[in-house]
Each structure stands twice: as C-alpha cells, then as structure tokens.
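What Swiss-Prot says about this one:
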{"type": "SIGNAL", "residues": "1-27", "note": "signal peptide"}
{"type": "TOPO_DOM", "residues": "28-496", "note": "topological domain 'Extracellular'"}
{"type": "CARBOHYD", "residues": "42", "note": "N-linked glycosylation site"}
{"type": "CARBOHYD", "residues": "71", "note": "N-linked glycosylation site"}
{"type": "CARBOHYD", "residues": "88", "note": "N-linked glycosylation site"}
{"type": "CARBOHYD", "residues": "112", "note": "N-linked glycosylation site"}
{"type": "CARBOHYD", "residues": "186", "note": "N-linked glycosylation site"}
{"type": "CARBOHYD", "residues": "222", "note": "N-linked glycosylation site"}
{"type": "CARBOHYD", "residues": "230", "note": "N-linked glycosylation site"}
{"type": "CARBOHYD", "residues": "286", "note": "N-linked glycosylation site"}
{"type": "CARBOHYD", "residues": "358", "note": "N-linked glycosylation site"}
{"type": "CARBOHYD", "residues": "384", "note": "N-linked glycosylation site"}
{"type": "CARBOHYD", "residues": "407", "note": "N-linked glycosylation site"}
{"type": "CARBOHYD", "residues": "458", "note": "N-linked glycosylation site"}
{"type": "TOPO_DOM", "residues": "518-892", "note": "topological domain 'Cytoplasmic'"}
{"type": "MOD_RES", "residues": "547", "note": "phosphothreonine"}
{"type": "DOMAIN", "residues": "556-854", "note": "domain 'Protein kinase'"}
{"type": "BINDING", "residues": "562, 563, 564, 565, 566, 567, 568, 569, 570, 584", "note": "ATP binding site"}
{"type": "MOD_RES", "residues": "717", "note": "phosphothreonine"}
{"type": "MOD_RES", "residues": "720", "note": "phosphothreonine"}
C-alpha cells in the first residue's frame with residue numbers, strides 16, 4: 001500500500017487532514033486512500049461509498065460499507081443492518097435487504113420501522129412501503145392476516161378496517177407487484193420478497209464529482225459537503241476545497257423549472273436534491289413512487305399541481321383511502337408560514353376514529369357525517385371546530401372528542417366540503433380529500449421573476465433570495481441620455497437645491513408636529529398586522545375561542561375557586577349549554593408573545609386520549625390568558641389518598657387509576673407527534689371523573705407563563721418535592737429526560753399503595769432543612785414488611801396478612817413497578833411503554849429491582865447542578881413544556 005512509503009511526518013499530516021476535514025496540504029500519495037476501491041465478495045464500490053481501505057472522508061457519512069467474515073456487504077441505516085445485494089454506480093442504485101428479516105418472518109427477533117434518510121436515499125418507483133400491524137385482536141377478522149407466536153395476529157392490509165385494534169406496527173419495503181390483499185397472507189411469498197430486498201436510489205448531486213474528476217482530482221466529503229482534492233505541487237502538496245456553485249450556476253439552475261414524479265414545471269419554494277439553493281428548506285420533495293411529495297411532521301402531502309403563485313396539495317395517506325393506518329394531524333401551517341398561506345376557501349375537515357358510540361346516537365346535523373371506518377364508528381365534521389356555525393352542535397362535538405380514540409384535522413377545499421354537506425356520501429367525501437387544498441406563495445418571488453431574477457433561498461440570511469444573471473436584475477438605464485442633457489440636469493439640480501433650502505424650515509416644523517402622529521399610525525398598523533396574524537393562527541386551532549368577557553361570564557366573575565397552582569387559579573364555570581367546565585386563568589402575561597401562547601395551545605389541543613384532560617377552548621386577549629377544559633367532579637387523586645381523606649379506595653380501584661395514569665403518560669411520551677414531558681406528576685395533577693377514570697392534567701402550561709428570572713433558584717426547579725427525579729437536582733444521577741416522569745410516576749404509585757409515609761418524610765425534612773433526601777427509607781420499610789403480604793390500611797401504612805390473593809397480587813405488582821420506576825439512575829428505569837406492559841402483564845414476569853445507591857445532595861448546589869444536567873440532556877426529540885414549574889411543598 002501507499003502508506004508504507006510515507007514519512008512519519010507525512011502520515012501524521014495526512015491523518016490530521018482526514019480527521020479535521022479542512023482545506024489541507026498533505027502528500028500526493030495520500031490521494032491513494034480515496035483511489036482504492038471497497039471490495040467484498042461480489043460487491044465493488046468507490047465514491048460516494050467508504051469503508052474498508054476507503055477512509056471516512058472518501059464517502060458520504062451515511063454510506064459506510066462493512067464486510068463480514070462471510071464476505072457479505074452490509075450497510076447500517078438508523079442502527080438497522082441491511083445486506084447490500086447489489087450496487088449499480090451507473091444508475092446510482094442499491095439493492096438492500098433487512099438482515100433481521102431474511103429467515104422465517106415469525107422468528108425475527110425485532111420488528112422495528114427503519115426510515116430511509118430522505119437526504120441520501122429515495123425508494124425506487126418499482127417498490128412500495130407496506131405497514132405490518134401486529135398484536136391485533138384475535139377475536140376480529142382481518143384481511144391478509146397471519147398468526148405468529150411473537151407477533152400474535154398480524155395483518156398487512158393497507159385499508160385496514162380495524163386499525164386501532166392492533167397494538168403495534170412497523171413497515172417493510174416490497175415490490176409494487178406484491179399485493180397482500182387475500183384473506184389469508186401467503187407468508188412464503190412475503191419471505192421471498194423480503195429476502196430479495198428492495199431498490200433505493202442515491203440522492204447525491206453528481207455534478208461536483210464530475211467537475212472534480214475533469215481536473216484529475218479525487219472526489220471526497222467534508223462532512224456532508226462534497227469536496228475536491230487536487231495535487232498542488234510535484235513534491236506532494238494536496239488541497240481539498242469544498243464544492244460551491246457559482247452565482248451564474250445558481251441563477252441558471254434556479255431559473256429553470258424542474259420535474260418530480262408526475263409533476264412538471266415546478267419552481268420555488270419546492271425543490272429536490274441538487275436544487276438546494278432554489279427552494280425553501282421546508283419544501284424538499286420526495287419524487288419516489290411517481291409522485292411529488294413533501295414531508296411535514298411525519299405526514300406526507302402530495303403536490304397535485306403548481307402554477308406560479310398557487311400550489312395545490314393533498315394528504316397522501318387520504319388519497320383514495322378514508323381509513324389509512326395510524327393517521328396523524330400535521331401542524332404544517334407553522335412550517336409553511338411565512339412562505340405559504342392558506343387561501344380563503346380552505347376549511348379544516350376533522351375526522352374522528354374509534355368512537356365508542358353508534359351513529360344512531362348522533363342527532364341529525366348537516367356538518368357531521370359518518371366516515372365508514374371501524375364498523376361505522378367513525379365520523380367527520382366539515383367545518384373548522386371553532387366556527388360559529390357549530391355553536392349549536394357543541395354537545396355532539398364534545399361527545400366526539402371525549403369518546404373517540406383519535407381525531408385528525410385535514411385541510412380541504414371549502415366548495416368541496418359544501419358539496420359534501422348538501423350531498424353527504426362516501427364518494428363526495430373521497431372527492432373532497434382527493435381534491436386537496438390550495439396555498440398561496442406569499443414571498444417576493446413574483447417581483448423577483450418580473451425583474452429577470454430567479455427565486456431561491458439564501459443560506460446566509462436564512463431567507464428568500466433573488467438570484468440574477470451577472471449579479472444584476474431589473475432594467476438597464478441608458479447612460480447616453482444623461483450625457484446629452486447634462487447642462488439641463490445640472491441647472492435643474494441647482495434650482496431644486498435652492499427650493500429645498502427655502503422649504504427646509506417649514507418642513508422641519510411640520511415633521512416635529514407630525515412625528516407623534518406617525519408613530520401612533522405605525523404602531524397601529526404594526527399592531528393591526530400582528531392581530532391579523534394571530535387571528536389567522538387562532539383560526540387553525542380546533543378549539544372554541546372565548547373573549548375575556550365570556551370567560552368572566554362563565555365563571556360568574558371568578559367567584560368559585562376549585563384549585564390553585566403555580567401557573568394560576570382554577571375556577572368552575574358553566575357554558576351556555578349548562579355543561580360544567582374548569583377555567584384556569586394564567587398568571588399575568590404582560591410582555592409575553594401571544595403567538596407563542598397560540599402555538600402552545602395548538603400543540604396541546606392536538607392531544608386526544610381517554611387519560612388526558614380534554615381542552616375545550618382558550619382565551620387570548622391582550623395579556624389575558626385562560627384555558628378552558630373539561631370539569632371532573634371528583635377532583636384530584638390527592639383527596640382520595642391523603643391522610644385526611646374520608647373515602648378509602650380498594651386496591652383494585654387504585655390499580656385501575658395507576659394503570660390509567662401510566663397509559664396517559666405513555667401517550668404523552670410516544671403517542672404525540674413531538675414527545676411531551678410533564679415534569680410535575682403528582683396526585684394533585686391526576687383528576688378523576690365520575691367513574692374514577694384518571695386524567696393527567698396541567699401538562700404544557702408552564703411554557704405559557706412568563707419566565708420571571710433567567711436563572712432558576714431551588715424554588716423554581718421543575719417538579720414537586722417528594723416526586724422530583726434525582727437527576728433534576730444533580731447531574732450525578734444522569735441527564736434530564738422523559739425518564740424523569742417515570743420516577744415521579746413511581747413515587748405516585750408507591751404513595752397510592754401506602755408505601756410512602758407522610759410522617760417519615762416530615763421527619764427527614766425537619767431533621768436537616770438544608771438537604772434533600774430521596775426516599776431510600778422505602779426500602780427499609782419493605783425490608784421490615786413482607787412484600788407478599790402488603791395491605792393498605794386506613795392510615796396508608798403497610799401491615800401483614802389478612803388480604804385476598806387477588807389484592808395481594810395487585811399490591812405486589814404495584815410495589816415492584818413503583819420500585820423499578822424510582823431507580824436513581826434514569827437508564828435503570830423502564831420507559832413508560834414498558835411500565836404499561838409491566839402493569840398489564842403477569843406478576844411472575846416481574847423481578848425485584850436492585851436497591852438504588854442514593855446520595856445526600858446539598859440544597860445550595862441544586863441550582864447549578866440542575867442547569868448542568870439540563871444542558872446535557874438530549875432534548876432534540878423532546879418538547880419540554882414545563883419550563884417554569886414551581887417546586888411546591890406537597891402534603892405527602
């Protein structure tokens with residue numbers, strides 16, 4: 001190899017250039033690192049791949065090839081191993097097969113969905129993705145189904161009638177000719193298709209490497225940016241320069257329209273790989289499958305047509321299918337603004353799935369119809385839920401929201417929805433979804449094109465860019481005119497200055513007098529513009545908008561207080577239909593951004609779960625903020641498990657409440673588009689309805705309140721003493737994450753079964769007020785008591801014997817789950833989906849967790865350590881709502 005002949009200095013210098021990825025100087029022989037090919041079995045590859053003898057800068061970071069002992073080439077995508085069946089570098093395609101699905105489908109050890117990174121891979125048009133639903137209800141009948149020991153009953157039908165009766169799902173890629181729609185799935189055909197694999201196309205701009213090769217350079221990568229390395233001197237100097245498009249090249253590329261799938265003549269803000277400068281980052285197109293699609297918040301929208309300033313889109317999963325698997329509501333409006341805005345004719349069609357009542361229970365209503373999924377237990381509403389036209393239907397809408405498992409809002413054409421209202425049938429509903437909705441380009445693109453420029457995106461300013469030929473746009477002025485009339489122009493200018501001088505005094509006086517008026521007008525215009533924007537955002541939220549006067553009226557001038565918290569006061573209220581509501585009036589919000597409040601309420605409004613408190617409306621009027629949500633007559637769990645409670649709940653009821661809270665937290669962590677971490681789970685934030693069904697409340701409110709200080713003190717730390725996770729206090733225990741909610745849940749469960757004693761906590765608090773003790777005394781109590789004989793007594797303590805075997809099993813299960821959840825290290829705690837599985841599963845499957853090693857933390861260091869732990873936490877996939885919760889002294 002080349003490196004044997006290199007001097008030590010050259011080797012070190014070249015390695016330095018490899019690892020730092022900078023324009024570098026190295027040995028000319030160093031180019032051999034990228035000239036060598038990757039070879040394994042019958043696979044040979046060069047740029048843009050790397051691996052083996054080809055070092056990392058020689059290829060794209062995501063295209064590392066591996067060769068195992070059997071000479072099989074593999075590639076890892078999102079930690080999933082794929083075998084490389086074939087590489088065709090002429091067409092830039094690969095054939096891949098998942099290594100875990102090469103054998104018997106039922107014996108696979110993992111069933112995970114691996115998403116192909118769209119920035120580098122594009123599924124070939126001759127292949128498609130299918131969803132496999134598993135752990136389905138064996139009592140129901142499914143199309144294209146099979147039963148495996150590990151999967152239970154599973155189905156591959158793409159128009160599943162009972163999609164919500166299956167607990168899990170994952171996707172596989174198969175040829176478009178594969179149709180699993182028969183009654184019983186032919187597993188042999190499926191296994192054969194998976195073994196053959198699927199084809200993907202590499203999404204890499206070929207021009208930079210072609211230009212580099214024309215200069216006898218070596219193609220390489222500086223991170224994800226293509227570079228070209230060339231020898232600069234006979235003595236061996238090498239220079240690696242990142243590729244940059246010239247201004248003329250950008251203008252040429254962006255002034256031309258492009259095609260994607262079946263769509264032609266596409267332009268800004270849409271773009272595809274190779275045209276990054278020509279479109280907005282949020283509008284990258286996926287051209288696989290023969291369609292032009294954009295992905296917003298994990299939801300695909302298909303481009304139906306585009307003409308200059310208008311673009312028509314439709315939800316891809318709803319085209320031709322009213323019952324897609326696991327549909328989501330995409331908060332795409334925030335992504336589109338300010339590049340695109342909805343046209344005035346667009347309405348939001350809301351679809352409800354998995355409802356617990358029949359259509360006969362819904363009174364006749366022109367705005368509400370039957371969807372036709374889930375054996376008829378699914379419905380649609382043809383108007384924005386905030387529309388005044390639906391005021392007379394609030395009772396029906398409340399039932400839909402509370403008794404349906406999922407609701408999805410889909411933009412649709414107003415005229416199409418009007419046709420659906422006048423002639424409600426499945427064909428018109430499909431037509432309304434298939435026709436999509438229109439959006440208007442709001443940027444300066446039309447002006448740019450009119451001046452001869454090409455529309456694009458300026459990476460430096462992160463905004464709209466107008467690219468011009470030779471750097472000039474607009475009309476060219478005729479300099480000859482000025483030469484011919486130079487004397488006349490000079491005279492005109494001289495007399496103009498004289499006239500201006502005479503008027504200067506008068507102008508100054510008028511300006512002084514008019515400035516205050518101008519300031520008022522500008523302020524009013526700006527305020528009007530902001531209000532219009534807020535009104536547009538409000539209109540997109542499927543909740544009732546209340547004025548402050550209406551809030552005051554429904555609460556009878558805020559007379560009946562039902563609760564107080566760190567964010568505001570809760571009042572009971574009554575709507576016009578006599579239904580009871582709870583109204584939380586947030587603390588003074590002067591100086592805060594109303595748009596932030598609207599965006600947060602929008603996120604909160606998209607949660608829909610039986611164990612999550614339902615939001616009914618909101619008020620955003622100046623600095624006044626209020627949240628209106630369902631009223632739960634039984635109040636909080638705290639009054640049922642506190643020492644002062646006169647009502648004792650049996651263990652079965654407590655178990656049902658604990659399981660419901662776990663399911664609610666699982667939904668917040670995994671069921672929402674963006675993970676929601678509560679950070680303040682405690683009995684006061686668990687509300688109970690008339691049937692003692694628990695509902696988690698007060699999530700998302702902290703971000704809606706003003707942050708008073710830049711550095712949080714101990715009393716400003718998220719959570720409540722006694723429930724707060726150790727890592728929230730000190731980084732010694734790990735990073736802050738969704739596992740902090742798991743800890744709080746564990747403490748809640750232990751309190752519910754009486755494993756926590758208020759007097760013990762009070763003693764610890766009084767013994768050393770300057771320190772925070774985590775409850776290791778729980779284990780001491782459990783050592784004294786026999787776990788298998790736990791019983792909840794009247795005062796919440798632990799005694800032995802005298803309980804039924806069923807209650808004994810419940811107590812043991814809740815104790816073990818609680819102890820697993822309060823492990824001091826976040827990595828030792830189970831995630832909430834595992835907690836639900838443990839609570840629902842067999843007691844025999846649970847092991848006694850290890851006793852955590854807990855340390856005494858000085859309160860004086862809490863503030864600094866808290867911030868350190870937060871900064872180190874992985875927050876990229878977490879929407880941290882509780883940013884300013886008060887650390888309250890709870891009565892435990």
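Using N, Cα and C of the backbone, Cβ positions are placed for all residues, glycine too.
Structural mapping of features recorded in Swiss-Prot.
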{"residue": "71", "record": "N-linked glycosylation site", "DSSP (3 states)": "coil"}
{"residue": "88", "record": "N-linked glycosylation site", "DSSP (3 states)": "strand"}
{"residue": "112", "record": "N-linked glycosylation site", "DSSP (3 states)": "coil"}
{"residue": "186", "record": "N-linked glycosylation site", "DSSP (3 states)": "coil"}
{"residue": "222", "record": "N-linked glycosylation site", "DSSP (3 states)": "strand"}
{"residue": "230", "record": "N-linked glycosylation site", "DSSP (3 states)": "strand"}
{"residue": "286", "record": "N-linked glycosylation site", "DSSP (3 states)": "strand"}
{"residue": "384", "record": "N-linked glycosylation site", "DSSP (3 states)": "coil"}
{"residue": "547", "record": "phosphothreonine", "DSSP (3 states)": "coil"}
{"residue": "562", "record": "ATP binding site", "DSSP (3 states)": "strand"}
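Within the same chain, residues at least six positions away from residue 186 (N-linked glycosylation site) with a Cβ under 8 Å of its Cβ are 180. Looking only at Cα atoms, residue 407 (N-linked glycosylation site) sits nearest to 570 among the binding-site residues 562, 564, 568, 570.
Counting every protein chain shown, the number of other Cβ atoms lying within 10 Å of the Cβ of residue 230 (N-linked glycosylation site) is 16. For residue 562 (ATP binding site), applying a Cβ distance below 8 Å and a minimum sequence separation of six or more within one chain yields 570, 571, 572, 582, 635. For the pair residue 88 (N-linked glycosylation site) and residue 568 (ATP binding site), the C-alpha distance works out to 63 angstrom.
The recorded positions shown are 230, 547, 564; of these, the one with its CA atom nearest the CA of residue 222 (N-linked glycosylation site) is 230. Highest Cβ count within 10 Å among the glycosylation sites 42, 88, 112, 384: 384. When the Cα of residue 384 (N-linked glycosylation site) is compared against those of the recorded positions 286, 358, 458, 547, the shortest separation belongs to 547. Comparing CA positions across the recorded positions 71, 230, 286, 458, 568, the one lying closest to residue 42 (N-linked glycosylation site) turns out to be 71.
The Cβ of residue 286 (N-linked glycosylation site) lies under 8 Å from the Cβ of 118, 122, 292, 293, 294, 295, 300, each on the same chain and at least six residues away in sequence. Note: residue 71 (N-linked glycosylation site) has non-local neighbours 40, 41, i.e. same-chain residues 6+ apart with C-beta under 8 A of its own C-beta. Take the Cα of residue 568 (ATP binding site) and measure to each of the recorded positions 112, 230, 358, 458, 547: the nearest one is 547. Put simply, residue 358 (N-linked glycosylation site) is 34 Å from residue 547 (phosphothreonine) when counted between their Cα atoms.
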